[in-house]
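Record features, source Swiss-Prot:
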- 18-38: transmembrane segment (TRANSMEM)
- 68-88: transmembrane segment (TRANSMEM)
- 117-137: transmembrane segment (TRANSMEM)
- 147-167: transmembrane segment (TRANSMEM)
- 179-199: transmembrane segment (TRANSMEM)
- 217-237: transmembrane segment (TRANSMEM)
- 269-289: transmembrane segment (TRANSMEM)
- 308-328: transmembrane segment (TRANSMEM)
- 368-388: transmembrane segment (TRANSMEM)
- 389-409: transmembrane segment (TRANSMEM)
Amino acid sequence: MIQTLVNFFRTKEVRNKIFFTLAMLVIFKIGTYIPAPGVNPAAFDNPQGSQGATELLNTFGGGALKRFSIFAMGIVPYITASIVMQLLQMDIVPKFSEWAKQGEVGRRKLNNVTRYLAISLAFIQSIGMAFQFNNYLKGALIINQSIMSYLLIALVLTAGTAFLIWLGDQITQFGVGNGISIIIFAGILSTLPASLIQFGQTAFVGQEDTSLAWLKVLGLLVSLILLTVGAIYVLEAVRKIPIQYAKKQTAQRLGSQATYLPLKVNSAGVIPVIFAMAFFLLPRTLTLFYPDKEWAQNIANAANPSSNVGMVVYIVLIILFTYFYAFVQVNPEKMADNLKKQGSYVPGIRPGEQTKKYITKVLYRLTFVGSIFLAVISILPILATKFMGLPQSIQIGGTSLLIVIGVAIETMKSLEAQVSQKEYKGFGGR
């Protein structure tokens, strides 16, 4: 592990990408401490608890929401917009489906629409959030209670989201890994210690016999270890489909090529968890504009993973998004065509259409196992808060840890691939 990190910094180009990414994250972190104009940050000094959606925004935004900073909306509107756009591409909007098949040009068009939708959502949600928080804090948040003040705050928060989207693009282009994922990763890491401290304080408050509190702490540590091991297993597990070659191959060529087709048990990674959590924010937005309406509150309660209905919906969403994104990441038809062109085949399966059907069947089975495993791992922290009386930050913290592990694994793989590529080029140049 240490040697791997050393290798990252030995390669100049990779080292520069790491430093660039860190510089962008420093800018992100500084922004989480700059309050939006016209607000009183001291209004949050005496928090009265928060809901799951609020905790999610705060966690993904690196604590920016509870400071009501310029990055208070974070990157969540972009995630929500991405979900909507992915769904609309499924022949719901023919033009989007057409763009999705146009390669790089089509992807650029879809990305632009996603950004416009994200900025629109950020503006709508920021207005509602300003009203909700000001009411929640009994008018102590907004200094000047005027329409112009609310509009100014909404514009600044929307600009903050737009800047974070741009920041993510810069990291993707010039830094390490996927920029949006890296920003979420950094935001979660910066709030995770506070969640653990809150848990420690809650566990020992009012406890004459501290043995029960220490038992809770031990239980949390064991749970975190099991969650980490389980997450790594489900994210890294691979099914190897054997491959044979129709043409004669020399021993040398066979030795240089993989004789199997690797399919991940969970090809979607942690994206389904991020999407499922962000999806809950859509119905909860109604409470921002209709805080006193009973029907809006009922919808919001159903969209809370802590409620019985919300927990079932959360599990179903994770499973559905896992299937959906697995087939976005893995294209059985393209795989079958590539195997046929290379003169290779799966033993006992005809090349072409039969191979496509076989890969699809295997992917369905693997994704079923992966989605159930992912749902179980995601639901455990929620059950812990529900039945052990733990603070809600642990619920978000458990899900966040899963996201952190997934992003860390993908980023490490990206770095290793870049180092290997540089070493290969260096070897070829000598």
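Along the chain as shown, residues are numbered 1 onward.
In case you wondered, yes, glycine gets a Cβ from its N, Cα and C as well.
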State, in range form, which of 147-167, 179-199, 217-237, 308-328, 368-388 has the highest count of Cβ pairs under 8 Å to the transmembrane segment (117-137).
147-167
Is the transmembrane segment (308-328) packed against any residues at least 6 beyond its ends, judged by a Cβ distance under 8 Å, and which are they?
86, 266-269, 271-273, 275-276, 279-280, 301-302, 363-364, 367, 370-372, 374-375, 378-379, 382
Within the same chain, the residues 6 or more beyond the ends of the transmembrane segment (68-88) and with Cβ under 8 Å of it are 28, 31-36, 39, 41, 43-44, 56-57, 60-62, 96, 110, 113-115, 117-119, 121-122, 125-126, 129, 133, 141, 156-161, 163-165, 168, 180, 183-184, 187, 274-275, 278-279, 281-282, 324-325, 328
Which sequence-distant residues neighbour the transmembrane segment (368-388)? Criterion: at least 6 residues beyond either end, Cβ under 8 Å.
216, 219-220, 223, 227, 230-231, 234, 237, 264-268, 270, 272-273, 276, 305-306, 311, 314-315, 318-319, 322-323, 326, 394-399, 402
